[in-house]
Amino acid sequence: MSSLIIASCVILCCSFSSSFRLEKLGALKWDKVVHGNQTWRLITCIWLHAGVIHLLANMLSLIFIGIRLEQQFGFSTLSVPFCSGSVLSSLFIQRSISVGASGALFGLLGAMLSELLTNWTIYTNKAAALITLTVIIVINLAVRILPHIDNFAHIGGFLTGFLLRFVLLLRPQFGWVGRKHLPASAPVTSKHKAYQYLFLVIAMVLLIVGFTVGLVMLFRGENGHDHCSWCHYLSCVPTSKWHCGN
């Protein structure tokens, strides 16, 4: 809990509303990363916020979502998803800046979903837990199809967190954890199940391939929309009230 408060305080100190000031402080901007050799913006952008509402929304989400996972797995392993989402954002958002830790928060949601699916048998109300988490994820993604919101960072963070859970947050079997209370003649239980190792390998391959392809495309100056004609609907859906031209 203390580490979450520290992280929230750091984010609070770096919240500004001016686009010019955000760009100077390290906001994610495609041309600066690709042509200005400022790769560090892929990381620094997550510590900046566009305003008080943006900041408070992320802080509340960090507290309510992150506490449970931090208690189970520790702060150090949860810090990795905070660097996710920026690559996908840079591939699709190239005309404006992007800031915020929302991609990392969606990474925590992805980790919670994979945690639920992996340890399905230990939950008493399985359907209720799955439906509740799915509704939360869908609502959060749906709200973010409004204009001027970088949903690609959210989607990239969610997918990264979902896969990283299988790599970094392996949970030992209950039989292995409680082995010290068993008699010496009891059969030896392996620490992890075979399917956990299988998921680990698949997730690691997908992460390596995904980040490699994304970074290669990014530094070649490619636009993600050239390879996906419908992907713009993932970040903004035009209606009679607004348009998504930019």
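Each Cβ is built from the backbone N, Cα and C atoms, and glycine gets one as well.
Copied over from TrEMBL:
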- 37-169: domain 'Peptidase S54 rhomboid' (DOMAIN)
- 46-66: transmembrane segment (TRANSMEM)
- 99-120: transmembrane segment (TRANSMEM)
- 127-146: transmembrane segment (TRANSMEM)
- 152-170: transmembrane segment (TRANSMEM)
- 197-219: transmembrane segment (TRANSMEM)
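Under DSSP, the residues of the domain 'Peptidase S54 rhomboid' (37-169) split into helix, strand and coil as follows: 100 helix, 2 strand, 31 coil. Averaged across the domain 'Peptidase S54 rhomboid' (37-169), pLDDT for the predicted model comes to 77.
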